[in-house]
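Here the structure comes first, spelled out in structure tokens, and everything after it is commentary.
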Amino acid sequence: MSQRPNPSALIWLLLSALVVGLDQWSKAWVLSSLPEYTPVPVIDGFWNWYRTYNTGAAFSFLSDAGGWQLWFFTALAVGISGLLAFWLSRTARGQWRSALPYALVIGGAIGNVIDRLMHGHVVDFIQWYIGSHTWPSFNIADSAIVGGAIGIAVFGLFDKSDKQQPGTGNLR
């Protein structure tokens, strides 16, 4: 008698789609409503809307590299998203500690890929600062990628469900 396979975590790709949708909706709002390179205060002394563009990666890494970085970061994001989607397909639906961060990274990566392909750069608009110390501008996709990466690291370090139980020789 064959055992029915566990449903995969691919349903979590709906979260990825939600991240992409919110990211693209927010960027459409930014492009239609905010002036370029002009702070619009949200919370004085801490948070502005600030429409800017990034042709590189996090913290504008390689933004002045001459154009090849557009295709490099696009290919990297698509490759990582594909790998994470494959891992989702091999993950049980209830394994949210793996599925949630994978889905967040996929959604964020695809959101920024859409920007790169449509605009040639990523649209950033959230600016946090204290006094004269400003954090680099970012967007919803970036937030999802960072949240997912933190989740992968934290749950990977502290989740013992896949580890061998001491003295039993059996996996949990």
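Any Cβ shown, glycine's included, is placed from N, Cα and C.
The transmembrane segment annotation in Swiss-Prot covers 10-30 (among others).
For 68-88 (among others), the entry in Swiss-Prot reads transmembrane segment, with the evidence type sequence analysis.
Sequence-distant contacts of the transmembrane segment (98-118) (same chain, six or more residues past either end, CB-CB distance under 8 Å): 9, 12-13, 15-20, 23-24, 27, 70, 73-74, 77-78, 80-81, 84-85, 87-88, 91, 139-152, 155. Annotation comment: Swiss-Prot describes 98-118 (among others) as transmembrane segment.
Look at Asp124 (active site): DSSP puts it in a strand. Annotation for Asp124 (active site): spatial neighbours Tyr50, Arg51, Thr52, Tyr53, Asn54, Pro136, Ser137, Phe138, Asn139, Asp142, criterion Cβ-Cβ under 8 Å with sequence separation of six or more. Among the features that Swiss-Prot reports, active site is placed at Asp124 (among others), with the record citing sequence analysis.
According to Swiss-Prot, the feature transmembrane segment maps to 138-158 (among others), an assignment based on sequence analysis.
Under the heading active site, Swiss-Prot lists Asp142 (among others), citing sequence analysis as support. Its Cβ placed at the centre, Asp142 (active site) has 21 other Cβ atoms within 10 Å.
Within its own chain, the transmembrane segment (138-158) has Cβ neighbours under 8 Å at 19-20, 22-23, 26-27, 58, 97-98, 100-112, 115, 122-126, counting only residues six or more beyond its boundaries.
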